[in-house]
Amino acid sequence: MANSQRSVPNILVTGTPGVGKSTLCEQLAERTGLEWLEVGQIAKDCECFEEFDEVYQCPVLDEDKLIDEMEDKMGQGGKIVDYHGCDFFPERWFDIVFVLRTNNTVLYDRLGHRGYTGKKLEDNVQCEIFQTILEEAQEAYKMDIVHELPSNTPDDMEENVDKITAWVEEWKLRALS
Ligand code: DAT
């Protein structure tokens, strides 16, 4: 359950790799003053990887270890977390969840530019087509805190940053009153 007592909210930004999570979070952190916790970086720093998945060519996350590592910071509030998965985080951590969505052809090009090829590229694009992360978020969190946001163009990005910043400001004002 979300903790409505927090004076500054915790935000989760999720979605398929390449939809724009890091780009959005970096800009959001600048605009809102909230602290961006890069899960990928934290996992590397605290050696929260168990093994290497040869099929997907990526390390497998030790989720319990990562959660222990992040717990204290999340308890402080005012954190922005981004990750391409969302159902293993404690539900109580987040006050709002944004799922970024990108059209298949746009995502295909972005991941291609990132150097993804073959199965890794196809599987990630399919993940987006099948709305896998959106459904994961809807199952893991209360429906009314999960919001889908388009992330195809720079205008979408700007609009998303504006909307989320306004939401954070409203939260802070409510917390003061
Ligand atoms: P993620 O963190 O979800 O893996 P990213 O922020 O690294 O994604 O973005 C991947 C690339 O796509 C990067 O070159 C920036 C670009 N991009 C992301 N969102 C975009 C948007 N809404 N409009 C245009 N380009 C975008």
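The backbone N, Cα and C atoms fix where each Cβ goes, glycine too.
All TrEMBL annotations are machine predictions without curation.
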GLY18, GLY20, LYS21, SER22, THR23 bind ATP according to TrEMBL; which of ARG101, ARG114 goes with them?
ARG114
Give the subset of the binding-site residues GLY18, GLY20, LYS21, ARG114 lying near ligand 1, defined as CB under 6 A from any of its atoms.
GLY18, GLY20, LYS21
Least Cβ-crowded entry, counting other Cβ within 10 Å, from the binding-site residues listed as LYS21, ARG114:
ARG114
What is the Cβ neighbour count of GLY18 (ATP binding site) at a 10 Å cut-off, with all protein chains included?
25
Site extent for ATP (largest Cα pair distance over GLY18, GLY20, LYS21, SER22, THR23, ARG114, Å):
14
